[in-house]
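> Have a look at this one before I ask anything.
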Amino acid sequence: MGCCSSTEIKRDWKPLEERSCTDIPWLLIFILFCAGMACICGYPIATGAASRLVRGYDSYGNTCGKNNTKIEGVPLSGRDMTENKYVFFLDPCNLDLINRKIKSIALCVSKCPAAELRTYNDVKQFALNNGSHLCSYDISPTRYTSHADRSTKCPKLPVPPSKSVPLLHRCIPTDIGCYAEFAQAFVTFVSDNSVLRRVVAGVMASKEIIMGLCLLALVLSLIMMVVIRYISKVLMWILTILVIIGSIGGTGVLWWLYADHRKALENNTLSVFGKEVASDNVKALLVYSIGATIFTVVLLLVMFFMRKRVALTISLFHVAGKVFIHLPLLALQPFWTFLCLMLFWVYWIAVLLTLGTSGTAVKNNSTGLVEYQMQGPYQYLVWYHAVGLIWISEFILAFQQMTISGAVVTYYFTRNKSQMPATPILSSMARTFRYHLGTLAKGSFIITLVKIPRLILMYIHSQLKGKENACARCMLKGCICCLWCLEKCLTYLNQNAYTATAINSTNFCTSARDAFLILVENALRVAAINTVGDFVLFLGKVLVVACTAFAGVLALNYQREYTVWVLPLLIVSVFAFLVAHCFLSVFENVVDVLFLCFAVDSKYNDGSPGREYYMDKALMEYVENSKKSGLYKPGDGHGQELKSMARGGTSA
């Protein structure tokens, strides 16, 4: 379970040659943890909380749709609610947003009022005609119009028409207008209700256009994944030109401002106070100008010396485009990952809701109503459940990364592409299931260990907002920022560790160490790929969003009656960015996997007989050009030879 010693003899990299199970103890730990999650799900089912959540329960501890037992000290409990299968709230619009519940007395009724009841006499007639009592159980329907406590024990007038929600048996108002005040609280920028109504009306009226534009964003993202390899070189030049113009231009402006302020100071036309201010400005501008000059010179020198390595990024993008042509199912990875996450999150929320109705029935002495509270060690089940949300979600994301890594590694280290598996993606998933789930469990647990304290600090910061002093606020934000940076670094290292595991079938710590050493040996290349490459992918995302938004403007322009375009365009733009981010993130993962494969290949091979390269022609051209310029020096690989599962043929 522990990491391997750094004094261990360096091993051979043997891509796809041998498969063995990795990190088995961590797989057992993860299975036990998931068993604990299943027990948490079983606890509310065994204690009846799941039944209370589905059937519903009133404010006196009675579960609707069944015969109940008496609760000590609660006279209205223990009633037979076999015929009363629906939960009715006396004031359904009285929401407690902080505690996420309805602040209203709940009753079990046999029928939800389908029409509006304007007076207590209407409530009385509804109870007499349908046998559905909408006031507290201790008030008979004949006294609805005259009872002294009708304002607190009967529904708030007018009673809105409602219908039962499928499966959950709650009477929910059919007109959601009563929730408008809470919706307006989230839309703080809207001061006029008519504006809000026009915006919502515009969204509802243009829903077909919105759906069409979202589909367009999906298509554009898929196209971008294939064509970005052809336009990456152009984008590289655009980035280079913008950086050069920006740095030189900014430095020139600072020196011009310094000369102008110094000339004004030497004219002796300023007052004594003005001269002091001008003198300070001249000194500050001189410092800024010198600093900008140093920064510009260093930046230009770095760009000059890294210009050849930028060519590697272009070559990797070119090969990544080929990978998606040979492995088109890679484009579907965001879909199944999103589906798995959604199914798990739905399950997680359902269990969380059942935990909210678990525990012992306790009477609230201030209100006289019944609340369910978990006591003793059971109250910590929610925390265990929360950790499970993070760990299992990270595990699902790690499975996607391992699947992508395994498929790309198979593509790279198979000399004859005709000998590849018929379905490389499914083969990679099968290998991950069979051999490497323990590695995924360990890697995702490390991310969880970093993410939990960051989320706790963020929660503390939000709770203390406006109460803590400036020093405490600065320290909290600094800790959150440091943990975020650590999480990003570990995520990147994890991804490369999964790639090393896909190549060598080694455990997590060994793979992480091997990948880290390779990355350190190629630090400048890594910097070029992670800066220039990320910027190119960002431009790709911007291009998808811009095209989708432009198409949205053209489409909505033909719908002149929609006076408010803000929300439809915002929805489309956000969706386009998220879709482009999901797909281009897969592209970025493929580039990172290809780079590690290339680094290993170039370290242990030199193109000589018996040590032929596995790399694509585009990468081979980069190596040949680098050799001519003296930039590329192949590693000796300690005399080791890479061996692959499939032999024969040349790289595609």
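Cβ atoms here come from the backbone N, Cα and C positions, even for glycine.
This is the feature table in TrEMBL:
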type: REGION; residues: 632-652; note: region 'Disordered'
type: TRANSMEM; residues: 24-46; note: transmembrane segment
type: TRANSMEM; residues: 209-228; note: transmembrane segment
type: TRANSMEM; residues: 234-258; note: transmembrane segment
type: TRANSMEM; residues: 285-306; note: transmembrane segment
type: TRANSMEM; residues: 312-332; note: transmembrane segment
type: TRANSMEM; residues: 339-362; note: transmembrane segment
type: TRANSMEM; residues: 382-414; note: transmembrane segment
type: TRANSMEM; residues: 435-460; note: transmembrane segment
type: TRANSMEM; residues: 535-558; note: transmembrane segment
type: TRANSMEM; residues: 565-587; note: transmembrane segment
> Quick one: do the transmembrane segment (285-306) and the transmembrane segment (312-332) reach 3+ CB pairs under 8 Å, ignoring pairs fewer than 6 apart in sequence?
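Taking Cβ pairs at least 6 residues apart, the transmembrane segment (312-332) and the transmembrane segment (285-306) are not in contact, as fewer than 3 fall under 8 Å.
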> With pairs closer than 6 in sequence left out, are the transmembrane segment (234-258) and the transmembrane segment (339-362) joined by 3 or more CB pairs under 8 Å?
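Checked: the transmembrane segment (339-362) vs the transmembrane segment (234-258), no contact.
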> Most CB pairs under 8 Å with the transmembrane segment (435-460): which of 209-228, 234-258, 312-332, 382-414, 565-587?
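Answer is 382-414, with the largest number of Cβ pairs below 8 Å.
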> Okay, the transmembrane segment (209-228) and the transmembrane segment (565-587): do they have at least three CB pairs under 8 Å, pairs separated by 6 or more?
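Contact confirmed: at least 3 Cβ pairs fall under 8 Å.
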> Return the stretch with the most CB pairs under 8 A relative to the transmembrane segment (24-46), choosing among 209-228, 234-258, 312-332, 382-414, 535-558.
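When the Cβ pairs under 8 Å are tallied, 382-414 comes out ahead.
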